[in-house]
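To start, the structure under review is shown below, and the notes come after it.
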């Protein structure tokens with residue numbers, strides 16, 4: 001959000017706090033993530049949604065090696081972010097995309113079953129993002145001969161969130177905020193992929209796994225996404241599911257152009 005300078009008034013601040021804390025608005029259920037302009041600073045909607053987080057691994061080392069070459073680093077990040085955004089943005093149930101540093105996250109929602117359900121489309125985005133990292137590494141290595149391969153951890157969660165509009169009323173500074181475990185869990189799953197589970201790019205919650213058997217991901221072998229996920233028992237999060245599945249045609253390009 002861009003800043004829009006406005007003098008701070010302490011008395012107005014106290015009034016705003018009291019107004020927010022004493023608000024009695026009830027929150028309704030919704031099949032989809034509302035548009036920010038359809039919300040006020042006093043209401044909100046409960047929505048079932050899937051969240052995906054895609055985060056680079058080894059970016060600290062990357063800054064150390066390419067940090068002095070700021071133009072090179074900028075090109076690398078732009079290429080990575082542009083393609084992760086392009087992937088999640090290609091799905092109908094993707095309703096919001098955020099970029100923070102080298103992490104791209106997105107929210108998927110909609111009362112849709114089958115191939116276009118939020119969970120299935122978030123998993124499809126995961127498979128494409130995983131394969132796209134191989135394509136990017138091919139491109140990076142051709143550009144910088146001594147380039148060390150990059151990896152991205154991908155986390156997906158599904159659950160109920162309260163969506164509210166938050167910001168500073170009257171300033172134009174506003175954003176949607178998702179309250180609930182789904183965003184936090186997706187971030188945590190992302191934090192496990194290619195870190196604690198060093199050989200797995202994708203980590204999802206139990207709720208995602210339970211909804212992953214409703215779509216044939218591999219037509220030839222009649223496999224669902226459940227067939228590409230393996231259960232792990234995590235000390236903090238209980239049952240989580242990890243995998244390395246990827247979109248075949250994207251990955252094939254990377255293999256053929258190494």
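One-based numbering along the chain as shown.
Glycine is no exception: its Cβ is also placed from the backbone N, Cα and C atoms.
Residues or ranges marked as ribonucleoside 5'-triphosphate binding site in Swiss-Prot (evidence: similarity to another entry): 53. Residues annotated as Mn(2+) 1 binding site in Swiss-Prot, with a curator's inference given as evidence: 55, 102. The Mn(2+) 2 binding site annotation in Swiss-Prot covers 55, 102 and rests on a curator's inference. As annotated by Swiss-Prot, domain 'Guanylate cyclase' applies to 50-190, with the evidence given as sequence analysis.
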Euclidean distance between Cα atoms of residue 53 (ribonucleoside 5'-triphosphate binding site) and residue 102 (Mn(2+) 1 binding site), Å: 10
In the chain carrying residue 53 (ribonucleoside 5'-triphosphate binding site), residues 6 or more apart in sequence that have Cβ under 8 angstroms from it: 103, 104, 105, 153, 154, 155, 156, 186, 187, 189, 190
Residue counts (helix, strand, coil, in that order) that DSSP gives for the domain 'Guanylate cyclase' (50-190): 67 helix, 47 strand, 27 coil
Cβ contacts of residue 55 (Mn(2+) 1 binding site) (under 8 Å, same chain, 6 or more positions away): 102, 103, 104, 152, 153, 190, 191
Residue 102 (Mn(2+) 1 binding site), number of other Cβ atoms within 10 Å: 19
